[in-house]
Amino acid sequence: LPTDVAETVFSVGAQDDYGWTSLLHIYKNSLSEAQKKKILFALATSRDTDKLQRLLAMGLEGEVIRSQDLSYVVWMVARNPKGYHLAWNFVKQNWDTLVEKFQLGSSCIRSMIVGTTGQFSFPEELTEVQQFFETIKEQASQLRATQIALDNLQKNIRWVQRNLETLRNWLNEQMK
């Protein structure tokens, strides 16, 4: 496949069971770092939440998906509208393991925190994130990423409060 279309073709292929499994097999056998990243991106575009959960679990396990790719997988799943809550819950549930694996101040931990909360835009989600950070208070105080995540979430909430109604009205007008 030409490199400029490979990611798109992989993403379309990842939407059914056969394609998803085939891509995972290609990932395991590929020697190309660039191809591995494109395949992980595509696998994370699946609309099947069970596959997204499986992808996260395989990344944590480190046998099929390399441990060094886990933060990328978490970030990609978090960008998926079907996966962003899965990715956040994954980080919360596996926090101690993730910190052991990647070190508290690492870029991997930072990208997982900021990446998994980046889609949040409702006050309830802010409360949930704050409550989690409260449970890891000592660690959270050492991480700049927690403040970045909270700041981004507050910006997202303000944006929705300011623009959602206008956007909704505009879309309704376009649909007429």
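Keep in mind that glycine also has a Cβ here, set from the backbone N, Cα and C atoms.
Keep in mind that what you see is a predicted model, and the values were worked out from it rather than measured.
According to TrEMBL, the protein has these features:
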- 136-163: coiled coil (COILED)
- 1-154: domain 'ERAP1-like C-terminal' (DOMAIN)
Cβ under 8 Å, sequence separation of at least 6 from the ends of the coiled coil (136-163): give me the contacting residues as numbers and ranges.
95, 99, 104-105, 109-110, 113-114, 117-118, 120-123, 125-126, 129-130
Please work out the mean pLDDT for the residues of the domain 'ERAP1-like C-terminal' (1-154).
94
